[in-house]
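Engineer: To start, I am sharing the structure in question, which I have written as structure tokens.
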Amino acid sequence: MKRDAAIWRYALPMEAGVVLREQRLRYRDGVIVRMRDGEREGWGEIAPLPGFSRESLDEAINAAIRWLTTWCQGGLPANCMLPSAAFGLSCALAEVAETLPLKGNYHSAILCTGDPDELLIRLAQQPYCIGKVKVGLYEPVRDGMMVNYLLEALPTLQLRLDANRSWTLDKARQFARHVDPTLRNRIAFLEEPCHTPEASCQFAKESAIAIAWDESVREAGFQPQAAPGVNALIIKPTLIGSIAEVEHIIAVARQQGLAAVMSSSLESSLGLTQLARLAQWLTPEVVPGLDTLELMTHQLQRPWPGSSQPLKTVDDLECLWHG
Ligand SMILES: O=C(O)CCC(=O)C1=CC=C[C@@H](O)[C@@H]1C(=O)O
Ligand SMILES: [Mg+2]
């Protein structure tokens, strides 16, 4: 059987106002990989996230070309060490091998941005009424009031909050003081409230607001561990690595009684649909965090069910490499 592979580069414009780690992200840059083995075909996306991934896109592309070159010659290369490349290549390989189930979970927690009244309408239409709110960008008082407002307006709403480590323990306490105590049990978790994991744990103990690890998952030596007030791990495969590595961390989280939340690293619709399939397969009991498609102006290669955004395909892109 003859094998071949190809890589296309993309740059999708982002909607105005997408800010990552204090920097405006104008384009989402990445590559799409196609692997073919005789009649079988698999696709994957490699898109390191600026400010979050340690590797650059060029490093990931070079690693992918080396890996694919060996694969095309009939070998099974060792797992790639760069997480974004390992993730995209393992998705393409799993599609070739038909080991990534097709069914996806396309119901996500809704990113709560924009006009609060329009947001409430959108939230109320969801089968699972779960929203995700970014906090820590403005004053803690304002964040607290926003959380109260949404939870009071929709009695079935559950919220996930994300502070991206922006608070001191004192600021986090100020936030908690402004959240109505009777509403706190509808905060599923607050991702990384404080600058350090120790301060975040202290906050969880004091405030009766559960926390989740996101940034910490990527730190050297991190092991999922049960602790008072810690509810969940955010699983961002583009930042973790191959499907096998993602499966491993989810299994350890489960053993520790922590929920594993499959989450986007702002992949295009191709990567997002694969994350929806991983979510359905590996974390069927948890609503994933994949509501990032509309941060981009276009979909790519594979449409997200029900989305009306225009679709670009590899025919619209420049082929970077063919082997
Ligand atoms: O987790 C979700 O529901 C959506 C993804 C999401 O919020 C994020 C993805 C990537 C970078 C960040 O801006 C943000 C996060 O910090 O978790
Ligand atoms: Mg986060």
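Residue numbers in this text run from 1 along the chain shown.
Cβ atoms here come from the backbone N, Cα and C positions, even for glycine.
According to TrEMBL, the record shows the following:
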type: ACT_SITE; residues: LYS134; note: active site, proton donor
type: ACT_SITE; residues: LYS236; note: active site, proton acceptor
type: BINDING; residues: ASP162, GLU191, ASP214; note: Mg(2+) binding site
type: DOMAIN; residues: 116-210; note: domain 'Mandelate racemase/muconate lactonizing enzyme C-terminal'
Engineer: With the Cβ atom as the reference point and anything under 6 Å counting, tell me which of the recorded positions (LYS134, ASP162, ASP214, LYS236) are near ligand 1.
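Structural biologist: ASP162, ASP214, by Cβ distance under 6 Å.
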Engineer: At a 10 Å cut-off from the C-beta of the residue listed as 'active site, proton acceptor', count the other C-beta atoms across all protein chains.
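Structural biologist: Taking every protein chain into account, the count is 24.
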Engineer: Cβ-Cβ under 8 Å from GLU191 (Mg(2+) binding site), same chain, 6 or more residues apart: which ones?
Structural biologist: ARG160, LEU161, ASP162, ALA163, ASN164, ILE211, ALA212, TRP213, ASP214, ILE234
Engineer: Return the count of C-beta atoms lying within 10 angstroms of the C-beta of ASP162 (Mg(2+) binding site), excluding that atom itself.
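Structural biologist: A 10 Å sphere around the Cβ of ASP162 (Mg(2+) binding site) contains 22 other Cβ atoms.
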Engineer: Provide, as an integer number of angstrom, the distance between the C-alpha atoms of LYS134 (active site, proton donor) and LYS236 (active site, proton acceptor).
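Structural biologist: The Cα atom of LYS134 (active site, proton donor) is 17 Å away from the Cα atom of LYS236 (active site, proton acceptor).
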Engineer: Under DSSP, is ASP162 (Mg(2+) binding site) part of a helix or a strand, or is it coil?
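Structural biologist: Reduced to three states, the DSSP call for ASP162 (Mg(2+) binding site) is strand.
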Engineer: When a 10 Å sphere is centred on the Cβ of the residue listed as 'active site, proton donor', how many other Cβ atoms does it contain?
Structural biologist: 18
Engineer: Give, as a single whole number between 0 and 100, the mean pLDDT over the domain 'Mandelate racemase/muconate lactonizing enzyme C-terminal' (116-210).
Structural biologist: 95
Engineer: Using DSSP, would you call GLU191 (Mg(2+) binding site) helix, strand or coil?
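Structural biologist: In the DSSP reduction, GLU191 (Mg(2+) binding site) maps to strand.
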